[in-house]
Amino acid sequence: MATTKSFLILIVMILATTSSTFASLEEMVTVLSIDGGGVKGIIPGTILEFLEGQLQKMDNNADARLADYFDVIGGTSTGGLLTAMITTPNENNRPFAAANEIVPFYFEHGPHIFNSSTGQFFGPKYDGKYLMQVLQEKLGETRVHQALTEVAISSFDIKTNKPVIFTKSNLAKSPELDAKMYDICYSTAAAPTYFPPHYFATNTINGDKYEFNLVDGAVATVADPALLSVSVATRRAQEDPAFASIRSLNYKKMLLLSLGTGTTSEFDKTHTAEETAKWGALQWMLVIQQMTEAASSYMTDYYLSTVFQDLHSQNNYLRVQENALTGTTTKADDASEANMELLAQVGENLLKKPVSKDNPETYEEALKRFAKLLSDRKKLRANKASY
């Protein structure tokens, strides 16, 4: 009798724990962040293709798309373009691009985007005309409010000297931010020295003209927009019940996937303190952006890793990054077929690499684990909605 009673208690405890786990997973807020990096967007494009493929297998649904699983998708520069590709609706109100169409997009359009050189020493390297043309063709007249999930795309206004963040949740208070997606994508990609800044105008809530003079989102958020994406999610938590679980920065209730476009330590090997002590403004200008982006990206990852670890939720955060790019793969604008093939291979090889020195789990294994959580969470929410 005592044995039977103990067995029943054990069963109740297991069921209670399982129920609690499911409830916790159902409450999770999911965030995807994609770095900037020009043609190096092929690397996260490869990762996204793998992840979406896993979700399709797990849910036995060839039409499953990343926007179905993430509450917030944020990106900067080329990451902003990827964000738009996987969240902008087509005529069937589904993402106009599947993840397996991202890498082919770079191969088809990259050589044209990064080939229209102005030839001006004192002007931008590329005129941006083809980039705008293809963005208008792909994104049409779609505006922010039509995105299939919350987005967070950054840019910087050089007239007001302030960052501009395009999100759906800001539109009620700032309807002027409901810009066309092609204007936003060009703006977030308009890296100084590479493309001309972008001007466009919308209307305020009073119908007044509102002007934007924008450049690359990396100026506002550096190349890694993970903190921005998390901030958008936590801000929505104050108003949207679906995000309520992460109020008060409860990162235990957040799944964050951050995708990098690769970095390198090559410049560290070629410059010394003795050498750079003789440098002037021009020499520093050639490398300071690369150094700043690498350092800022590292600090963003360091902060997020620390926060999630302190909350014993380190498995809720995954940063996918290649830290050993070499040669032409370090360049954001080398759209030669040979280099793009190398970048695609970098993405494929990255899947087989360990997450870190302390974590032997490969990125492929970690992404499969993330995919399982995303799939289970979606099913739990769908079941709840059906009652």
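Just so it is clear, glycine is given a Cβ too, placed from its N, Cα and C backbone atoms.
Residues annotated as signal peptide in Swiss-Prot, with sequence analysis given as evidence: 1-23.
What Swiss-Prot lists as domain 'PNPLA' is 32-230.
On the 0 to 100 pLDDT scale, the motif 'GXGXXG' (36-41) averages 96 in this prediction. The motif 'GXGXXG' annotation in Swiss-Prot covers 36-41, and the record cites sequence analysis as its basis.
According to Swiss-Prot, the motif 'GXSXG' annotation covers 75-79.
The active site, nucleophile annotation in Swiss-Prot covers Ser77. Following the DSSP three-state reduction, the secondary structure of Ser77 (active site, nucleophile) is coil. For Ser77 (active site, nucleophile), other Cβ atoms within 10 Å of its Cβ number 33.
For Asn115 (N-linked glycosylation site), the count of additional Cβ atoms within 10 Å of its Cβ stands at 12 [all protein chains shown]. Taken from Swiss-Prot, the feature N-linked glycosylation site applies to Asn115, supported by sequence analysis.
The annotation active site, proton acceptor is assigned in Swiss-Prot to Asp216 on the grounds of sequence analysis. Taking a C-beta cut-off of under 8 Å and a sequence gap of six or more, Asp216 (active site, proton acceptor) has these contacts in its own chain: Gly36, Thr76, Ser77, Ser155, Phe156, Ser187, Thr188, Ala189, Ala190, Ala191, Pro192, Tyr194, Phe195.
According to Swiss-Prot, the feature coiled coil maps to 361-385, an assignment based on sequence analysis.
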According to DSSP, does Asn115 (N-linked glycosylation site) fall in a helix, a strand, or coil?
coil
Summarise the motif 'GXGXXG' (36-41) as counts of helix, strand and coil residues per DSSP.
4 helix, 0 strand, 2 coil
Could you give the residue numbers and ranges of same-chain residues that sit at least 6 residues beyond the coiled coil (361-385) on either side and whose C-beta is under 8 angstroms from one of its C-beta atoms?
22, 25-26, 28, 30, 47, 50-51, 54-55, 58-59, 68-70, 255, 257, 315, 318, 320, 350-355
